[in-house]
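Below is one structure; the comments refer to it alone.
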Amino acid sequence: MSKPIEIEIRRAPVLGSSMAYRETGAQDAPVVLFLHGNPTSSHIWRNILPLVSPVAHCIAPDLIGFGQSGKPDIAYRFFDHVRYLDAFIEQRGVTSAYLVAQDWGTALAFHLAARRPDFVRGLAFMEFIRPMPTWQDFHHTEVAEEQDHAEAARAVFRKFRTPGEGEAMILEANAFVERVLPGGIVRKLGDEEMAPYRTPFPTPESRRPVLAFPRELPIAGEPADVYEALQSAHAALAASSYPKLLFTGEPGALVSPEFAERFAASLTRCALIRLGAGLHYLQEDHADAIGRSVAGWIAGIEAVRPQLAA
């Protein structure tokens with residue numbers, strides 16, 4: 001992959017801490033917020049931002065506790081991330097935006113869109129979080145050859161959620177960064193590409209934000225508050241009319257192509273793009289396709305927006 005255009009990391013004061021972010025594109029263009037998941041950072045958008053910036057004002061924050069953002073003494077629950085992201089958006093003066101999200105970034109995007117539907121110009125998303133009634137819905141697959149891999153993923157995440165085991169695996173062994181992340185990418189990342197993913201988490205204590213997220217996954221009704229919030233957010237998503245773009249990989253991880261097809265068909269104004277071979281961190285395998293598709297999608301929406309307003 002070609003060396004990305006370097007985009008300067010900036011920092012904003014947020015709730016007594018700071019959040020780092022990448023920003024590029026024309027200031028007067030429509031804003032696009034890029035929201036990453038666990039255990040990544042805005043680094044995952046590095047090859048996508050330059051492709052979208054010709055048509056948009058791109059802002060990609062590092063979630064609190066991740067990347068180069070601060071690590072305040074908080075629990076790093078989903079609702080902590082909601083508070084910090086809300087404050088970041090207010091601090092940056094963003095009043096409307098396209099949302100581009102993956103993994104936990106999608107949960108934040110869905111929750112934001114449910115609370116502030118007028119804020120959302122459009123939503124592009126992939127490998128998304130949703131309320132999962134049973135453990136079989138986590139890493140669900142309809143392909144027989146994928147069943148063993150899916151069951152192994154469930155077993156690992158059950159351990160992450162188990163007191164003591166999760167701490168040993170994520171805080172001590174750094175398993176999420178060293179195993180889950182590369183295991184969710186088809187190509188092999190070199191040390192130079194992995195370094196920005198490793199640097200934020202040098203010690204067990206620094207990895208607490210990474211441990212918190214798998215324990216927040218809304219599975220079988222737990223945790224109850226997150227499960228309920230995402231049920232409401234998904235109901236709002238199903239009722240929404242803003243444009244949507246769903247990317248899916250083959251075989252995917254949280255989202256199989258078959259599930260993605262049904263999900264897109266159930267929504268209003270949702271296009272589906274099949275990227276080909278991909279697991280969970282689709283941005284690392286398909287940056288070019290994602291970037292060009294998002295840019296074209298935004299340009300198309302903005303071209304007709306003045307006509308709709310007339």
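Any Cβ shown, glycine's included, is placed from N, Cα and C.
Swiss-Prot annotations:
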type: DOMAIN; residues: 30-140; note: domain 'AB hydrolase-1'
type: ACT_SITE; residues: ASP103; note: active site, nucleophile
type: ACT_SITE; residues: GLU127; note: active site, proton donor
type: ACT_SITE; residues: HIS280; note: active site, proton acceptor
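A strand conformation is recorded for GLU127 (active site, proton donor) in the three-state DSSP classification.
Take the CB of GLU127 (active site, proton donor) and look out to 10 A: across all protein chains shown you find 25 other CB atoms. In the three-state DSSP classification, ASP103 (active site, nucleophile) falls within a strand.
For HIS280 (active site, proton acceptor), the count of additional Cβ atoms within 10 Å of its Cβ stands at 24 [all protein chains shown]. Across the domain 'AB hydrolase-1' (30-140), DSSP helix (H, G, I), strand (E, B) and coil residues number 40 helix, 27 strand, 44 coil.
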